[in-house]
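The Zn(2+) binding site feature in TrEMBL is assigned to Cys101, Cys104, Cys137, Cys140.
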Amino acid sequence: MHKLAHMETEENILRQRNIKPTAMRLLVAEKLLAQQYAISHKELAELFDRADSITLFRTLKTFLEHKLIHTIDDGTGIVKYALCQSNCSCNPSDQHTHFHCSQCKRTFCLIDAETPSINIPQNFTLEGVNLVLKGRCDRCH
């Protein structure tokens, strides 16, 4: 795809979530769209020649606030980020399964994997779900 067409796609994605498309936000959106797996702040910063860490952090925070991305706790102690589906509102009912590869350490969103239904006790309030499967990915298998 032509670079300009790519940027128009990123701009549309940002506008759909009511995010003002600044140069940095467009670049970060482009990198996130290109990822096949979740990525940490550090890994994302390494994709840029000269990126201000604070600006990158603020961009990720804005994306989180507008539900463009979600965080993943894959058990490594490092927060990772992945794009949300277009119909995701980041409610507990929108949660999906993740897969963490024990060999290459990449974490994938498994959007099509069925998430088990869990009945919680009365007067409990569900605020989030973290379901991470662990094993080896297709590349490391």
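Cβ coordinates are placed from backbone N, Cα and C, and glycine is handled just like the others.
Note that the structure is predicted; figures quoted are calculated from it, not measured.
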Check: same-chain CB within 8 A of Zn(2+) site center, minus Cys101, Cys104, Cys137, Cys140: Ser102, Gln103, Lys105, Arg106, Arg136, Asp138, Arg139, His141
Least Cβ-crowded entry, counting other Cβ within 10 Å, from the binding-site residues listed as Cys101, Cys140: Cys140
Chain-internal residues, separated by at least six, CB under 8 A from Cys104 (Zn(2+) binding site): Cys137, Arg139, Cys140
Around the Cβ of Cys137 (Zn(2+) binding site), the count of other Cβ atoms that are within 10 Å: 18
